[in-house]
Amino acid sequence: MLRIAEGDQIGFPVRGYGVLLVMAIISAVGLAAYRAQRMGLNPEVIYSLAMVMIVSGVVGARLFFVIQYWHTFYVPGNWQQTLGNVMKVTEGGIVVYGSLIGGAVAFLIFCHRKHLNALALADLIAPSMMIGMFFGRIGCFMNGCCYGGLCTLPIAVSFPQGTPPQFTPPYIRHMENGAFYGLLFIQEEDGAVRVANVLPNSPASENGKVEIGDTVIAINGENLQGHERKPLDVLAGRLLSSWTINNEEGIAPGSIFLNLQGKGLVELHAGPLPKTSLPVHPTQLYSSANGLILCLLMCAYYPFRKADGEVIALALGLYSVTRFLLEVIRTDEYAIGGTGLTISQNVSVVIFLLSLALLIYARVRNEPLAWPRAAA
């Protein structure tokens, strides 16, 4: 995108996330068409299937994300702006499981109307789903979404600030969760907000007065209890505003006053906003590599399948396990429903059980393969 001296922008912005999303679609459809032709199936079937699955998959992926993060899209009293936020797909914000659910619905309807063997066709396109994930997750990396937790390993990455007020996702998370001050918080079942961690070489550790387990009563003069919002959300709001607003108490940006139970007021000053986020796990790249490995595994296993449905069951089963594990180091999702698991981990458990049931069903139905066992 060309920028002129005055800062105005001309031309059409080409966003990396959107480009990688298109690459994911092209690679997935291309691989499926190639494999279909080798199996004696007209590639036009794949192209027709792709049209309906792409639309339903994107809708499902976006809908899943919007439901999961509704609070970030909804603008009270302004449905026009809310709808506009929902429609900004090119800026990121789709969920793999949502695309699987949406795509699966379209797939089953398509197979029913075209009188196709759904299990055999699902086996054929299983590697395509994974190669699409390979490119799609690289897009997530470029966008900054789907990031991991703090990391001290050499593989850790720091994301840029972005262009205020549109900060990159990891950056704004570190603004609002206290990481830039060197603090991480947790809300207990009784509603109390406590210090979960004090990061080394940070304003909090240098201050020496804040310790793990301290209970936070108020921040910058605002009590965390007695609000309609959760205490942790009140804390996050104040932490975020501490970087951008010279608030009523006259506290300079980059400073906070914590009222700690039994200790009183503790002042922390972190200075101006840093240029990058703290180092985090590049979970997007882990997921991308996972997609490529699963694609190769499914391609290798396909010639040895004994029943239609085995490959797709194996693909979904393995993905659900790896996704569950990746969620452990991701910090962009919270536990839901008192399960201690994120929404994606809960869905992973369901998908794993369904894939196991499908694998058993495929074996016990004892029907011959719809297509020959030759490599595709």
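Numbering starts at 1 and runs along the chain as displayed.
Just so you know, glycine gets a Cβ as well, placed from its N, Cα and C.
What TrEMBL says about this one:
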- 176-226: domain 'PDZ' (DOMAIN)
- 16-34: transmembrane segment (TRANSMEM)
- 46-70: transmembrane segment (TRANSMEM)
- 94-111: transmembrane segment (TRANSMEM)
- 118-136: transmembrane segment (TRANSMEM)
- 285-304: transmembrane segment (TRANSMEM)
- 311-329: transmembrane segment (TRANSMEM)
- 341-362: transmembrane segment (TRANSMEM)
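For the domain 'PDZ' (176-226), the DSSP-based tally of helix, strand and coil residues reads 9 helix, 18 strand, 24 coil. Here the transmembrane segment (16-34) does not lie next to the transmembrane segment (311-329) in space: the count of CB pairs under 8 Å, restricted to residues six or more apart, is fewer than 3.
Outside the transmembrane segment (46-70), and at least 6 residues removed from its termini, the chain residues within Cβ reach (under 8 Å) are 25, 28-29, 32-33, 36, 86, 89, 93-103, 105-107, 109-110, 121, 125, 333, 343.
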